[in-house]
């Protein structure tokens, strides 16, 4: 197994585990012992949780599906599709939570999901740009 294929398999496993974790966190009944109404620095804890659940999504999907030789327009289009899929998933989760007896549909949760997605996408673009620049830079100052 080559280094590339090992990294690809590992990133696929991490993405699957991530998706399972998000689904479980969004739909499990956490019981009365979990207090998500408190705030951290004036921000409700449940909104921070929603932000953090969706923040890694763009980077993980990019690791699994993006290719290193892509030019900027193709990568940008890919990342837009990733954002749209994340927004649809976040909206669907909120709507499905509204159908349960122990969860609620909250537009502020959806906004936190989207903010996490956009922040994760910005970080993904930054890392992708740095890696592309580094890969194009000649080694040891030689052209």
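Using the three backbone atoms N, Cα and C, a Cβ is placed for every residue, glycine included.
Unlike curated entries, TrEMBL annotations are predicted automatically.
As recorded in TrEMBL, the features of this protein are as follows:
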type     : residues : note
DOMAIN   : 40-126   : domain 'VanZ-like'
TRANSMEM : 9-28     : transmembrane segment
TRANSMEM : 48-66    : transmembrane segment
TRANSMEM : 78-96    : transmembrane segment
TRANSMEM : 116-133  : transmembrane segment
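Long-range Cβ contacts of the transmembrane segment (116-133) within its own chain (Cβ-Cβ under 8 Å, at least 6 residues beyond either end) map to 50-59, 62, 66, 75, 79, 82-83, 86-87, 90.
Long-range neighbours of the transmembrane segment (78-96) within the same chain, counting only residues 6 or more positions beyond its ends whose Cβ lies under 8 Å from a Cβ of the stretch, are 22, 26-27, 54, 57-58, 61-62, 65-66, 70, 105-107, 109-110, 113-114, 117-118, 121, 124-125. Sorting each residue of the domain 'VanZ-like' (40-126) by its DSSP state yields 67 helix, 3 strand, 17 coil.
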